[in-house]
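Q: One structure, as structure tokens, below. Some questions next.
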Amino acid sequence: MIDLQLTDKTHDEERQGEALIVDAPLVRNGRKLYIESYGCQMNFADSEIVASILLDQGFETTGDYKEADVVFINTCSIRENAEQRVRNRLSQFGAEKRRNPKLIVGVLGCMAERLKSKFLEEEKLVDVVVGPDAYRELPQLLSEVESGHKAINVLLSREETYADISPVRLNGNGITAFISIMRGCDNMCSFCVVPFTRGRERSRDPHSIMAEAQDLFDRGYKEVTLLGQNVDSYKWKGNDADDSTEIEVNFAQLLEKVALISPDLRIRFSTSHPKDITDEVLYTIAKYDNICNYIHLPIQSGSSRVLELMNRTYTREWYINRIDAIRNIIPDCAISSDIIAGFCTETEEEHQETLSIMDYVKYDFAFTFSYSERPGTLAARKFEDDIPEDVKKRRLSEILIKQQETSLYRLQQFVGKTVRILVEGTSKKSDKDFCGRNDQNAMVVFPATEGVSAGQYVYVHIDRCTSATLLGTVVVEEPEIV
Ligand code: SAH
Ligand code: SF4
Ligand code: F3S
């Protein structure tokens, strides 16, 4: 068992694509490694693969980069400010390197892939640049650096899924874990850098996904989140577990397989795509109590014209149809979204269309962003980034205010009711309180109660709420639940 201490992350930070710092002190013999991650959940899952590869090399690790021999920063390119944050951090590592010239500094992830060898030219202190599909090469690349050369591997792959590498769990709670089920993205949303940094979409084989989920459950984990940029297009073809017949597995079938591991293992997944989410997926969610009633279904914009420019390949009406299907098939399903304010040529009326669809859906939660032009994307090549910063900012704040209202509205619906939650541990704000999420992914905080511990399912009566959190008390008897 490896003791890994991570900075706690909020729901908010998980999807910002830029906010979170992870320092992962792995403890073993040998040289010392420090890893820090930025970006989406996929990047955090990748850091767990990287940690596994280097542990096999006998690395000791540390939570303090000042005592490390190797510092890795796993980077995100999704918006300009995400990259700026990485550069600021690199200059701090640079100061350390001047003090300790033997320190090896490596840049991993999406920024490594986007900038490639330019990174080595621009940032003199960086020794090694490794793209998301080249982590198996890390030991060789580190050897090259030790023999006095700069090293780089940014080859993207059509096959790599790291299926056989057992991730070192960097999430300290021992209750919830991510499982990557696919890599890359074949959509070409015009604003998005991910297809360039992560390469072609490929699905991981279901046998290794099942084995990973089963292993986590056997080790006491109670919740897994299946990760992909577009989980609805998961598709795998190959031999069944006995190697006898050829099978094809889609996302609904994969969900069902994982749900059948145990009713005590909760399943979440992210991200769903409005063009691909099928009724079959919705019926599968409805059929199994342990598949959480929560769907992250990013809309990006409420205007069909803007959606077309974004190359999202659905319209406002199509999106509303998918929302209606969710509400019909899974009546108590929570829905969250990603929204971009101020995309190229967006008019005031089109911005209003975004606000009006937010009224229609009443999202439980939304991640909201100001459009940030990314070099090389379709939008950067085809359209002018013509919405002034102050207009983007104002539209974003209108979106944020609307979202705060609907988040509060959604949470208020739980007040006075009793919900079943999975206890994740003590609350961030006070160790006298516990926290956990309900089925719909709402965070619930309640006073620590004797006999209740992390990893248990408990019923909590909700007494009140803020716009982000439900507050309540544990009830002992099994009640009628929502
Ligand atoms: N695969 C997911 C999204 C991954 S990126 C999906 O299709 O929904 C997470 C979010 O970042 C996106 O949904 C989008 O809202 C936002 N984003 C991506 N590129 C952006 C850009 N150039 N400017 C602002 N926000 C962006
Ligand atoms: Fe980017 Fe679109 Fe792919 Fe999401 S689906 S990762 S927004 S290209
Ligand atoms: Fe960022 Fe790459 Fe994820 S660009 S959001 S870390 S896929």
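Cβ coordinates come from backbone N, Cα and C, glycine included.
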Q: For the [4Fe-4S] cluster 1 site that TrEMBL gives with C40, C110, which of C76, C185 also belongs there?
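A: Looking through C76, C185, the residue TrEMBL assigns to the [4Fe-4S] cluster 1 site is C76.
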Q: I need the CA-to-CA distance for C189 ([4Fe-4S] cluster 2 binding site) versus C110 ([4Fe-4S] cluster 1 binding site), whole Å please.
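A: C189 ([4Fe-4S] cluster 2 binding site) and C110 ([4Fe-4S] cluster 1 binding site) have their Cα atoms 17 Å apart.
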Q: If one measures from the C-alpha of C40 ([4Fe-4S] cluster 1 binding site) to the C-alpha of C185 ([4Fe-4S] cluster 2 binding site), what distance in angstrom results, rounded to a whole number?
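A: Counting only the Cα atoms, the answer is 14 Å.
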Q: Counting only residues 6+ apart in the same chain, whose Cβ is under 8 Å from the Cβ of C185 ([4Fe-4S] cluster 2 binding site)?
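A: Correct list: C192, V194, P195, R198, E201, Q229, N230.
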Q: Scan C40, C76, C185 for binding-site residues whose C-beta lands under 6 Å from an atom of ligand 2 and note them, or write none.
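A: Listed by sequence, the hits are C185.
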Q: Can you list which of the binding-site residues C40, C76, C189 have their Cβ under 6 Å from some atom of ligand 3?
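A: C40, C76, by Cβ distance under 6 Å.
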Q: Look at the binding-site residues C110, C192 and tell me which residue has the greatest number of other C-beta atoms within 10 angstroms of its C-beta.
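A: Its Cβ has the most other Cβ atoms within 10 Å: C110.
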Q: According to DSSP, does C189 ([4Fe-4S] cluster 2 binding site) sit in a helix, a strand, or coil?
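A: Where C189 ([4Fe-4S] cluster 2 binding site) sits, the three-state DSSP reduction gives coil.
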